[in-house]
């Protein structure tokens, strides 16, 4: 659990694109400047490392909204959940190695909310935070978080 | 007969009740002469060191094993005491023959017999090219042939490269702890000559929870370094730390120890290392890293004299350099499939557009490794055959099988010019996949299920290869092969190639159960297929069926009939004469 990083891109991201088609059609709210998508997280992608995009850097510490899917919670009592671009699907391809999809954002809720089905698109609002952080309770390492967050299904 | 039967029953019950000691290497282990291994005996009780008795062929063990064991009073799993143990690392046995090892302490006794084998003094092969398609099942081969070459009146219109490499053995792939298997223990058996447990690589799986302290056995790469001056190459379309490439060099109980495995790759320093998995080379401060320390393996490999390539064009440049050492990293994770890379541009190809294919990597490796007059060992893995069979994405699995076949073609071309080259072609385990006929869009109606043609109704598929590149011009033809798995999670069968990206048949719900991915529900004609394996399973699983092994060239006669996976190592060791020192 502690080896998780929100880092590289997953081969499953294209499925996310498919998934987002009905979502855009159904979306009733106009896109605001503070909205950010999974596609906008990284400016430079290379074998030798990734760099956060200018947009992420600019929005660091600001209130934002982001859409995605809630991965099933690590532990029932966890104070956070992982937002993924596509629903949590086949991940490891093997027996021991539960690598997460690489492209994740960790969401710390301001107040407790009921968890939703992983196939349900949600919109998370909260303060964007960039930089390495290890969750003291779980040891979960994240590079990008949304703090004091709340979410709603869309 | 009755007496014998009851005697057997009595023995079994006794063995169960007494919780006898365990010895590693296990009974019936086969060990190359002079090859280092760790000896361990585990007792189920806490015993006194003076009560431990160990004999080898009836004599006190110190004569045969060379040194004194280390006594561990209490092995623990968290707070639970597991019992005492003795361990002796780096044992070697120089003389061939059977070794009966007997261990006792208090009421516990255990004996095992190891077979230690030598090899001829003279190598039969200068080079070995070991080509492995992960998960390669007979259906993948058949589908690749039909998709690539076509079929008329029941006869194939052409032959794959692999069709001309003689099939010589059926290989049993079961693990030491289960009839079923995974790529860690299977490749480990090939690369060490010892069978081990699921998820383990280069070690016997002991009872302690730590994954890096298990009794080690020597890997082929280590044996080559010890006995020869041959070059070593490892190519995979997976992460280089993934089970199959890892097993050439690594030792861990847990294949998931990828950051550590990367360090083990560096320890052995294969001369050519090409594939994905750069995330484990990057220090933790670099975004994209999957390490939890500050080690920068890119810098370390460069300091060790490697030329780095991170794209197709850089690989071509690196091929022309004379350093003799190439590190090619083309993806942070697993590389994309051939279908995505070359045709559909889906998966992660937009992020990593410059990935080379398996054939290019194989050619560069062969050019480079063959500069060593002492010869080489090259392992080539087509990883996506397995990685796409798990999510039941048969088109991607089969197109990658075609690419694998082209890599075999490159290897055979090399062997034709370099006659001292042994070629081995195999998989590491199978999948529960079969071809049952075709899907024909032009059959009447809208129900896709009714468009499945079986028996005479199947007809022949209408793939075309007008550009002659060996790949079908498109996979979504109107009458296509219908492949199916005999197991899987709940999922929607769409009867169509997944043109938008690799299939994700199931997703996890809040109860951590995998349910059918609703995303495919509305594909016209999609049918819900209820899974038949536990709901914790995200994808189709490996099959226990034997796999086919093919071999040609000097030393190919070392592979015959039914073989345990661990026996394959003996064939390689004999071909290379690894029982004999060749570094004078």
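Keep in mind that glycine also has a Cβ here, set from the backbone N, Cα and C atoms.
TrEMBL entries are annotated by machine, without manual review.
What TrEMBL records for the Mg(2+) site is B:134, B:242, B:244, and among B:374, B:381, B:403 the residue it adds there is B:381. Ranked by Cα separation from residue B:542 (Zn(2+) binding site), the recorded positions B:183, B:242, B:244 are led by B:183.
Taking a C-beta cut-off of under 8 angstroms and a sequence separation of 6 or more, residue B:381 (Mg(2+) binding site) has the following same-chain neighbours: B:132, B:133, B:134, B:235, B:236, B:237, B:238, B:244, B:245.
Among the binding-site residues B:244, B:381, B:428, B:429, none has a Cβ under 8 Å from a Cβ of chain A. Same-chain residues at least 6 positions away in sequence with a Cβ under 8 Å from that of residue B:428 (Zn(2+) binding site) are, in sequence order, B:132, B:134, B:135, B:136, B:173, B:183, B:186, B:187, B:190, B:244, B:547. Each residue contributes its Cα atom, and for residue B:390 (Zn(2+) binding site) and residue B:242 (Mg(2+) binding site) these two points are 15 Å apart.
Other than B:134, B:386, B:390, B:428, B:429, B:542, the residues of this chain whose Cβ falls within 8 Å of the Cβ centroid of the Zn(2+) site are, in sequence order, B:135, B:182, B:183, B:186, B:385, B:389, B:427, B:430, B:431. Cα of residue B:242 (Mg(2+) binding site) to Cα of residue B:429 (Zn(2+) binding site): a distance of 15 Å.
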